[in-house]
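Features as listed in Swiss-Prot:
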BINDING   VAL18, ILE19, GLN20, PHE21, GLY22, GLU23, GLY24, ASN25, PHE26, LEU27, ARG28, ALA29  NAD(+) binding site
Amino acid sequence: MQTLNRRNFPGRQHPDRVIQFGEGNFLRAFVDWQLDLLNEHTDLDAGIVIVRPIDSDFPPALDTQDGLYTTIIRGLNEQGEAVREPRLIRSVNREINVYRQFDEYLALAHDPNIRFVFSNTTEAGISYHADDSLSDAPPVSFPAKLTRLLYERFCHFDGAADKGWVLLPCELIDYNGVALKELVLRYAAQWKLTPTFTAWLNDHNTFCSTLVDRIVTGYPRAEVEALQQEMGYQDTFWDTAEHFYLFVIQGPQWLAEELRLNKLDLNVRIVDDIKPYKERKVAILNGAHTALVPVAFLAGLDTVGESMDDALIGKFVEKTIAEEIVPVLDLPHDELTSFAQAVLSRFRNPFIQHQLLSISLNGMTKFRTRILPQLLTYRERHGELPARLTFALAALIAFYRGERSGEGDTLQTYPLQDDAHWLERYSTLWAGVKENTVSLAELVNVVLRDADHWEQDLTQVPGLAAQVTEQLQTIVERGMRAAVEGYC
């Protein structure tokens, strides 16, 4: 069987125009996949040089396949049909290990054609390392490595205005472009680089904050043999991802022309402020996940897909999003409903087995950040509590009992994953309920009164403790399926 490389699979190679910090599955099935589409369908003509930002030889470099690899995009499309789209990605030219090839790394700054810089160095990647210096080869932190490269470019081109870069970090932190620029400027000051360099950074480089959204499931270990037979070649870098993707860029509108986004209809938005899109994602996608988990799991289900296929639970999720989350968000209604429909399709993706227990990690914090803002805003705007969101809170409290109904009259226990103080508190409270020394109302009040966690005393929200207590009582006495029926 043939090995995947450019000799066996010749095709067009594009000039280096993009630097990418990070070689992981996400960027390869998100940024590199989109650039490959733009290269095929427009005149973008942009090749990518990947910079491996950490000192590691695992996985092997993409150079072993001349930068080629295959994506398998699969899920439900906009019509609700299951689709599967293999694609040979040709946008990556080569990979540089900054720790082994530092001179080649600096040489990237000398290339007049380089225009864009993408990165995904994990949430911890955009961070400050006090000991980093200009003379390090390389510095430790990603922002310091980038500052060194930018300074090399500034010096090589004598501060030319047209040699600045467009920087699009994809790390999952708020306003990632702002954070990255702040650290680059901090290193410039710490290293006592010239004021003209700082002016060049500010005036001729564009740092964009981004929001990225796609579930990338990565290397499909169990399917490799079948994929090799189907495609007719060996690929060490198979990369699988869902059909849905969204790339929101907070930046100038001229980016659409530079990236040729005006010539191909990709799901990329260039906006003035990324915040409403972040709130939409957190509230609808993450919020629906968080509301779903305890309800579905206590109803006897184990995966997101099973839950959405269940008539009762699927309807609960749909109504929660449509009637209690979407109405309180500040974006055009059409955009919100379209995104909500995409979320429901993603939840129903038959190619992804998303375990409810894996999503349950740190459920208390997730409820505070993902659902509580909508719950409180709904009450403020409508003068009443959103019944399904409060039911999700009651279900979450019930979930921390650590047991659900099994076959017959048996109880099934399961692992709980949260901060130790919550696990200890719930263990004590639920033991008290079992021994009739703590009432459900007392349990709910203890949970809601924790101002350190909720950042306020939720027992002061009129009617909340009473409503959650009543809903919890129904769950305990009648079981989850009977309890949730009234909200479907």
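Numbers here mean position along the shown chain, with the first residue as 1.
Glycine is no exception: its Cβ is also placed from the backbone N, Cα and C atoms.
Annotated features taken from Swiss-Prot, shown on the structure.
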residue	record	CB count, 10 Å
VAL18	NAD(+) binding site	27
GLN20	NAD(+) binding site	26
GLY22	NAD(+) binding site	24
GLY24	NAD(+) binding site	17
PHE26	NAD(+) binding site	20
ARG28	NAD(+) binding site	28
For PHE26 (NAD(+) binding site), the three-state class that DSSP assigns:
helix
